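Below: one structure, written as structure tokens.
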């Protein structure tokens, strides 16, 4: 009887684990809409805009005996295809380019995280929104539509796939 109970418990845990990993609580890697912030040091106004980024769950594994074997690379949700769009920052002084370009996700996939070009999580060195200013020049974030786009770039899986502010100097 004890062996039958152990077998039943093992089956329930096995099926429950498979069901939980495929449930609606973990949406798979896909393009989603996100609001980002853009600013330039010389321009007085920070704006927010909506674009599509790659986000979602990528299946991963962890070794049971990590000391015996090297770590398994963990996949991240990243761009498969993208295009670039641009926005114009209002109020920039003469001689300062008011255009800021950013990637727009067309399709996503689970792939390796390339630290050189991708935000792989962890602490951020800049905020995800417009910073409040103490001076009278406001950096309140008015919403801005996209102004121009370029052609899709297939196979560009090494672009940043998480919402980051676009800040240029």
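Just so it is clear, glycine is given a Cβ too, placed from its N, Cα and C backbone atoms.
Feature annotation from Swiss-Prot assigns compositional bias 'Low complexity' to 145-154. According to Swiss-Prot, the feature compositional bias 'Polar residues' maps to 155-169. Feature annotation from Swiss-Prot assigns disulfide bond to 29-77, 43-92, 46-130, 54-108, 58-110, 113-120. Summarising the annotation, Swiss-Prot assigns region 'Disordered' to 131-169. Look at Swiss-Prot and you will find 1-20 tagged as signal peptide.
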Exercise. Just checking: which of 43, 46, 77, 108, 110, 130 have a Cα that is within 10 Å of the Cα of residue 120 (disulfide bond), counting only these disulfide-bonded residues?
Worked result: 77
For this session: For each of the disulfide-bonded residues (54, 108, 110, 113, 130), count the other CB atoms lying within 10 A of its CB, then report the residue with the highest count.
Result: 54
Problem set entry | Shortest C-alpha distance to residue 54 (disulfide bond) - which of the disulfide-bonded residues 29, 46, 92, 113, 130 | 29
Exercise. Here are some disulfide-bonded residues: 46, 92. Which one has the most Cβ atoms within 10 Å of its Cβ?
Worked result: 46
Problem set entry | Spatially closest candidate among 29, 43, 46, the listed disulfide-bonded residues, to residue 110 (disulfide bond) (Cα to Cα) | 29
Exercise. Tell me, how many other CB atoms lie within 10 A of the CB of residue 120 (disulfide bond), whichever protein chain they belong to?
Worked result: 14
Problem set entry | residue 77 (disulfide bond) and residue 130 (disulfide bond), distance between Cα atoms, whole Å | 25
Exercise. Just checking, which of 58, 77 (disulfide-bonded residues) has the fewest C-beta atoms within 10 Å of its C-beta?
Worked result: 58
Problem set entry | Distance, residue 77 (disulfide bond) to residue 113 (disulfide bond) (CA atoms, angstrom) | 8
Exercise. Among the disulfide-bonded residues listed here (29, 58, 108), which has the Cα closest to the Cα of residue 92 (disulfide bond)?
Worked result: 108
